[in-house]
């Protein structure tokens with residue numbers, strides 16, 4: 001879609017398995033994820049099942065079902081045949097999903113040495129956070145389970161790998177803790193982060209791997225150092241529980257979404273609140289019974305850092321341009337729980353309470369040279385370092401996202 005156009009529904013996946021359990025959360029899609037290279041899509045479809053689907057989907061996809069798109073030999077340099085869709089039976093309701101970045105060759109050798117059953121391939125990993133507090137680690141290419149991480153005492157709600165490829169995994173749980181695991185050391189637990197008083201809903205690691213943001217059922221958001229695993233600061237500003245957070249691709253911005261119907265954009269380095277995006281209803285309700293009708297569920301940045309997507313309980317997917325205070329596009333979606341952008345842009349995936357996944361067109365835009373320069377600089381300069389540069393004030397304001 002071009003900027004300003006309404007998102008179009010490209011495809012929809014529905015669980016093909018009958019309801020076998022009476023668990024309240026058994027059929028809900030709490031998490032969807034694309035692999036960082038864009039070659040796989042993971043979907044927690046409910047009933048303890050995760051589907052691993054080669055991307056892109058077959059072009060003639062219809063909602064009833066689909067086959068994985070055939071790959072030509074040029075996309076499969078090692079000649080192992082086309083990737084096949086895989087079904088991972090996790091044995092428990094799945095709440096969180098996270099793909100690893102492609103590990104470096106030393107990491108692959110370590111995995112091959114410790115796990116001789118794993119073929120010598122580029123080891124892309126999927127972590128699944130489960131209802132019983134366990135985290136199961138899977139090798140994507142084979143569908144083999146590699147590790148089972150134990151430590152959490154309640155639901156593992158969210159997972160995040162460090163983008164550097166170091167195979168450090170962060171988990172967020174209803175037991176009110178975050179835990180840090182090193183998958184290069186057999187999944188050793190290296191730190192427990194405490195301080196939240198409510199269930200931890202979401203964790204996000206900054207792309208430069210310096211910071212970790214965690215959101216619990218509290219009005220404040222915690223920012224942690226990924227170097228010392230200590231609390232840097234609490235961000236205060238929301239009026240209700242914060243349930244989702246995400247860093248911009250250059251680590252210069254942090255967005256948080258709350259049941260208070262607002263997304264707040266922060267400077268994570270200074271703790272400054274840069275702007276709020278309010279989710280107003282399109283139609284006025286007939287009565288006041290639905291107080292939380294616009295409660296937010298999920299927020300995420302687009303891969304180039306110029307757009308945000310949000311999912312709210314008012315049955316809308318919204319797309320926002322970074323510099324505007326109102327959405328540029330809406331799409332109707334019922335019972336939305338989560339959203340994520342395809343890493344190469346152009347598509348948003350959303351998950352629902354019914355166990356469905358929908359794929360929507362997302363804005364495709366050619367980033368301006370100004371934005372590309374800002375993104376490149378901010379990927380390695382903190383806000384304080386930018387402010388110390390001997391450059392004009394207007395340039396500093398632009399580089400620190402103060403020119404909305």
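Don't overthink the numbers, they just go from 1 along the chain as shown.
Every residue, even glycine, has its Cβ placed from backbone N, Cα and C.
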Of 22-43, 44-65, 66-87, the range TrEMBL labels region 'Disordered': 66-87
Region pair the repeat 'WD' (193-234) / the repeat 'WD' (289-323), three or more CB pairs under 8 Å: no
For the repeat 'WD' (289-323), distant same-chain residues with Cβ under 8 A (at least six beyond the ends): 3, 7, 243-250, 253, 255-259, 261-263, 277, 279-282, 329-345, 348, 350, 360, 362-363, 365, 367, 371, 375, 401, 404
Contacting positions for the repeat 'WD' (126-148) when only residues 6+ beyond its ends and CB under 8 Å are counted: 25, 31, 33, 35, 40, 42, 44, 50, 52, 80, 83, 86-88, 90-100, 111, 115, 117-119, 154-159, 161, 169, 171, 173, 175, 181, 183, 186-187
